[in-house]
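As recorded in TrEMBL, the features of this protein are as follows:
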type	residues	note
REPEAT	B:116-158	repeat 'WD'
REPEAT	B:203-245	repeat 'WD'
REGION	B:496-536	region 'Disordered'
COMPBIAS	B:498-509	compositional bias 'Basic and acidic residues'
COMPBIAS	B:514-523	compositional bias 'Polar residues'
REGION	B:582-604	region 'Disordered'
Amino acid sequence: MRLATTANEAYTASLAVSELLGCKQCGGGRGQDEELGIRIPRPLGHGPSRFIPEKEILQVGSEDAQMHTLFADSFAALGRLDNITLVMVFHPQYLESFLKTQHYLLQMDGPLPLHYRHYIGIMAAARHQCSYLVNLHVNDFLHVGGDPKWLNGLENAPQKLQNLGELNKVLAHRPWLITKEHIEGLLKAEEHSWSLAELVHAVVLLTHYHSLASFTFGCGISPEIHCDGGHTFRPPSVSNYCICDITNGNHSVDEMQVNSAGNVSVSDSFFEVEALMEKMRQLQECRDEEEASQEEMASRFEIEKRESMFVFSSDDEEVTPARDVSRHFEDTSYGYKDFSRHGMHVPTFRVQDYCWEDHGYSLVNRLYPDVGQLIDEKFHIAYNLTYNTMAMHKDVDTSMLRRAIWNYIHCMFGIRYDDYDYGEINQLLDRSFKVYIKTVVCTPEKVTKRMYDSFWRQFKHSEKVHVNLLLIEARMQAELLYALRAITRYMT
Amino acid sequence: MEKMSRVTTALGGSALTGRTMHCHLDAPANAISVCRDAAQVVVAGRSIFKIYAIEDEQFVEKLNLRVGRKPSLNLSCADVVWHQMDENLLATAATNGVVVTWNLGRPSRNKQDQLFTEHKRTVNKVCFHPTEAHVLLSGSQDGFMKCFDLRRKDSVSTFSGQSESVRDVQFSIRDYFTFASTFENGNVQLWDIRRPDRCERMFTAHNGPVFCCDWHPEDRGWLATGGRDKMVKVWDMTTHRAKEVHCVQTIASVARVKWRPECRHHLATCSMMVDHNIYVWDVRRPFVPAAMFEEHRDVTTGIAWRHPHDPSFLLSGSKDSTLCQHLFRDASQPVERANPEGLCYGLFGDLAFAAKESLVSAESGRKPCAGDRRHPIFFKRKLDPAEPFVGLASSALSVFEMEPGSGSMSWFVDTAERYALAGRPLAELCDHNAKVARELGRNQVAQTWTMLRIIYSSPGLASAASLNHSVGKGSSCGLPLMNSFNLKDMAPGLGSETRLDRSKGDTRSDTVLLDSSTTLITNEDNEETEGSDVPADYLLGDVEGEEDELYLLDPEHAHPEEPEYVLPQEAFPLRHEIVDTPPGPEHLQDKADSPHVSGSEADAASLAPVDSSFSLISVSHALYDTRLPPDFFSALVCDMLRFYAEQGDVQMAVSVLIVLGERVRKDIDEQTQEHWYTSYIDLLQRFCLWNVSNQVVKLSTSRAIS
């Protein structure tokens, strides 16, 4: 019973959305809308992810008890079983924590009204032109009684939300520029001002959805069937897809080509894994012997930081923002890319002076009770998650590799660990992997299947999803650290 | 004996002197430590490492240990400790994982002695053995603890916590071989320095990281721990399993904890985030700090008692780049600012009151009527003669219970359940509700409903039968002038509405212990007042079932409220007409002197002063009109609603608001409405009237509610 109603509502909501968003390419779709009653939408694409073959992904129905509970919880909370969940279930332990946190942020007690929460989610996802998340949350937004007018653009939303636009922008692309003046501006805007608790809630939502957008692109999540681009009313055999161009060059057509080109000889990639493991072993052994000088250590960080700016895939063509989504934010030209091209200086943030465990946690938990705990658990699980395997090898201690990935992401945001030798990053992460990390974290909309395929070729898909979890959590923590430090500075 | 001699040698002759003072550092401090001579303090941070001499009037910089051209991470200190046996020996923990020792006795400018680069991650804490000159312990983010012998180049032994980061390590002051370590996952471990293979004991002390611990300087088994969960816990380690003996709840995560010298139950804490103050707690009194130092403008990162046997000097370093010396006598004492009395209403009108014992005994002596219907119960805390704050701690708790019959709130429940709020024509709703109210003996309320019916439903619709059924009609055309005259007369005598309130409160003062609190209750605490206010009405109705008797009784009830004037009997029906006019000429004199007079009287009384002149004119004018526009009364009705709300009958206010809907809503500001709604809904939910509460939520027009 419940299932039926939810599906119904979701369905009508999605219709409303497609009308609202009035996709030009789908112009022909209008005619179909009238006939919807007799037509059955067919899923487009193949499974929950465009990057991962459907057969690799767990089929609903073949899950074990733990996963089944997770699916049930996810369905109960969201009223759907979305593709993100289906991909994340590679790592049920993390998924559980993820769903719990998301559920709390969106549906449980909190300082912001429900429709605000979804609207902030839309704003955040729109910064990365992630139409997958935008569509989902447009539905949810309308479902909880949000005003459809707001969806026409940020300028139609209340002034209070408009004020948040600037923070959203800076947080998504250059979080190190956040100052206490940003915070002050939001908190002291007379009748449109935010309370501290609301602001923390909003910041957590923004960072959550920025990261989730990274995950969506990083794993090539397919649109949901009830959303634009997720379905077709024509048989899929027709070559001319009615797909909104949300994929930023990731059309299925490309995939086919890349697929054939991407299949480099297996033996090559086999050596990749071996080489990586060898390096890890070496680092482990010689670490104690060879001691780099202090200046050397410092310069390694600077080098890595500077280099990270220039790490970009060669096929970095200009992509115009998808029209549908761009209306939810202003200043579409503002991005991570800008500063990297100009070689802007990223100041160094010392994690020993302001870290999540000691400072961030306490601040969040004080202003938005319980959420600090939930996010803390999520960080922990993501950081410590390991199956002690690497591709075909078992019983491998991957902590060094995971730490390198985590610290590399923080390094891109200028966050430095005094007790880390950044030389390790260069040894462990090869160029194609760095390109992938960099793109997923900073400009997720530009991720292509080719990038996904070209790093760690011998590794399993579940391991690549694992990498993605590390990426999104490290990114979320980096953004949170900057935002929370600014709030702390405002408060003192 | 031994202790005595130590104290005298330490303090004898040259007792510490000084004042509360601070000095500016160049950079934020991460930790401080005091030399055993109590005359020097070392401050360490990311970019500061200096020794200051503590003089009587000021801090004087004595030595800067950061030497060399290039800044090195080895000098970025997370922690610093000064050896308590050797004045020349210091150790620092660096954020890059290096442990450095310093020898002030070195002749060169660079005092750096040894460098241990064994930890892979940040070292969070270093600790010297209290009696052994060469033993140093470190705890690091990598989960290991290492013990160094300063005569050797490498660590002597490594202890693996088998878990996450080590946040603190502390040698026991009493047990030569024992040290405690605290972990990020909430565990505390006890180790024997001779056995690096496994810990002696482990237990979970906190939820989340344990940032700090401190052994009691005298009590062998006591260990204080502080955590991110905002708690300070004191553990008795002498028993088989570590037992929590005290727990202090602070308002922010606890970064440091230090037992206060010579005060067995005192400890000082500072927090990691948000809260910048330093608190000194008496662990037996976990809710209010014994003392508080508020000098710092950013979080305090290090605290140290200046001398191990002097409880009055505390030093602190902070992120705000200052070093402070706090004198205990200058501390602010939150206890003095706390309200020593507590007052709370129970759901069924019971009242609990706690105050200093001396106050209460004086109070109860003054209150002759406190005992008649309520039964005070006294609880006395058992006093521990050893407690230093006996005088403050002894207080008495009195509970005043409602008498079983009168305390019942059943009228509220019944009313809530039986009222009709929507779904029928206004007239029927009003009649129904009036009937409900009357059956429950709440005649004033019933009368109000009837009047509302009359005001808002057009005369044509109101059948004669229903008028008959309703109350107090007697409207004779000859009287209106007198009526208005009456009104005018009343106005000056009445004073103000608030006065009426207060006088009403006074009549009830026997139900409450404190006079001063009564006004507070009537004016501010709408929903709570209900318990003690309305039952009085109910009692009257209950006892005196007959209308005539009620009539006799009612003035009595009304008079104490307005003792200034006495109204002639005839006045009742007359004033009654102010609102009663529209129904037209019907002579039901027999009903005119019904008890409901008192209800309308109360209304009139409360309404009159607001705009008496207005009603004087327009009433007399309107009486000759065939029909008054309902708008005409809206001001009066709104005042009436406010009156009920202020009397504590928020139920009436909300019910009328819902029933009348658009007719009055616009005249009452949104905020007031919201307040009424929330109060009423809260009350309904306390009585588990979920259906009614949902209905009210649904019917409410206030945006914030629905």
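Cβ atoms here come from the backbone N, Cα and C positions, even for glycine.
Using a Cβ-Cβ cut-off under 8 Å and counting only residues 6 or more beyond its ends in the same chain, the repeat 'WD' (B:203-245) has close neighbours at 3, 165, 167-168, 170-175, 180, 182-188, 190, 251-259, 261, 264, 267, 269, 272, 281, 283, 308. The repeat 'WD' (B:203-245) scores a mean pLDDT of 91 in the predicted structure. Taken through DSSP, the repeat 'WD' (B:203-245) splits into 0 helix, 23 strand, 20 coil. Broken down with DSSP, the repeat 'WD' (B:116-158) shows 0 helix, 23 strand, 20 coil.
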